[in-house]
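Visitor: The structure that follows is given in the form of structure tokens.
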Amino acid sequence: MNKLITIERHFVEEQKLNPDATGELTDLLYDVAFAAKLVRREVVRAGLVDILGMAGTTNVQGEEVKKLDLFANDKIINAIGQHGRFALMGSEENEGTIIPPKNESGKYVLLFDPLDGSSNIDVNVSVGTIFSIYRLTGDDPSKADINDCLQKGSQQVAAGYVIYGSSVVMVYTTGHGVHGFTYDPTIGEFLLSHENITTPKQGKYYSINEGSRKQFNDSTVNYINYLKEEDAETGRPYSTRYIGSLVADFHRNLLTGGVFVYPATKQHRNGKLRLMYEANPLAFICEQAGGRATNGSERILDIDPSELHQRTPLYIGSEEDVIIAEEFEQGKR
């Protein structure tokens, strides 16, 4: 029988690898895991309670908000904010920063997308939570402000995501590899199921919404055409796999190899995905697993942000596939 390792125990064991660790980051990650359990409880009951459908409001991005978006957002803020470990938080659903009720001793910043892919929830397609953790830039939590949120992705101390699908899986990194945990509802715990995840150097799948093809720039069209061409030497053609839920598409490609593409378009010249709580955390995870993430011209983790809800194009996944995407976007092919 395989040894069962809970997520809490794994956090503690990882902490021992760092002689300077105080245990604070371990507590933060466990808070996130606890919040994920609360969201999971409602996601699996979504068809039985009145949290499907639209909430009748729009978020700061101008997107229609689902009832479950609001529920997940509130649960995460309340579950994590009450412990005083975060001085500041930022969410896709809130225009400005969020000051937790007990932030006097907080030394960290949490940025998150409470329910990525929520447009799929009504039809029972996988959705997820994405999160990113930074240290405060100063020592005084009472002086924390938006600038503490606007750090480069390379400054992240932890990042992760939770997928609510046929099973519930939490994947995270603290910069020392990538680990995945599957939720066991019979004991109410996340158990280690994917240790030291590494992504293939080259994949065989590409994920993109080709329904927007007419909006793509020529460089993106040429890249997609390249992936479809037959060439046994380079393993082409690739197959399309696109769910429409960023975290689910990314997770599949992370495990099996492939590239996820959400490019700049004629309509959205700066891209559409959010840098701070979608692209950055996934880029951190991807690089830790041996992959690559870029906006087409610059490494995602090197982008200097100017606003909380900043958007970016995203090419992320297997290293060789992303390098070729960069070459097309930069006119080298």
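For all residues, glycine too, the Cβ spot is worked out from N, Cα and C.
Remember, predicted model here, so these are calculated numbers, not experimental data.
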Visitor: Which of these, Glu42, Glu92, Glu93, does Swiss-Prot list as part of the Mg(2+) 1 site with Asp113, Leu115?
Guide: Glu92
Visitor: Which one, Tyr183, Tyr238, Tyr242, is listed by Swiss-Prot in the same substrate site as Asp116, Gly117, Ser118, Ser119, Asn209, Lys272?
Guide: Tyr242
Visitor: Need one residue: from Glu278, Glu287, Glu298, the one Swiss-Prot lists with Asp113, Asp116 for Mg(2+) 2.
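Guide: Swiss-Prot lists Asp113, Asp116 binding Mg(2+) 2, and from Glu278, Glu287, Glu298 it also lists Glu278.
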Visitor: Within 10 Å of the Cβ of Leu115 (Mg(2+) 1 binding site), how many other Cβ atoms are there?
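Guide: Taking every protein chain into account, the count is 30.
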Visitor: Nearest to Asp113 (Mg(2+) 1 binding site) in three-dimensional space, by Cα, is which of the binding-site residues Ser119, Asn209, Glu278?
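Guide: Of the binding-site residues Ser119, Asn209, Glu278, Glu278 has its Cα closest to that of Asp113 (Mg(2+) 1 binding site).
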Visitor: Hey, what's the Cβ neighbour count for Gly117 (substrate binding site) at 10 Å?
Guide: 21
Visitor: Measure between the Cα atoms of every pair in Asp116, Gly117, Ser118, Ser119, Asn209, Tyr242, Lys272, the residues the record assigns to substrate, and report the largest value in Å, rounded to a whole number.
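Guide: Greatest Cα-Cα span of the listed binding residues: 17 Å.
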Visitor: Other residues near the Mg(2+) 1 site, CB within 8 A of the CB centroid of Glu92, Asp113, Leu115?
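Guide: So the extra residues in range turn out to be Asp69, Ala72, Asn73, Ser91, Glu93, Phe112, Pro114, Asp116, Ser118, Thr129, Ile130, Tyr277.
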Visitor: When the Cα of Leu115 (Mg(2+) 1 binding site) is compared with the Cα of each of the binding-site residues Asn209, Tyr242, Glu278, which one is closest?
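Guide: When the Cα distances are compared, Glu278 comes out closest.
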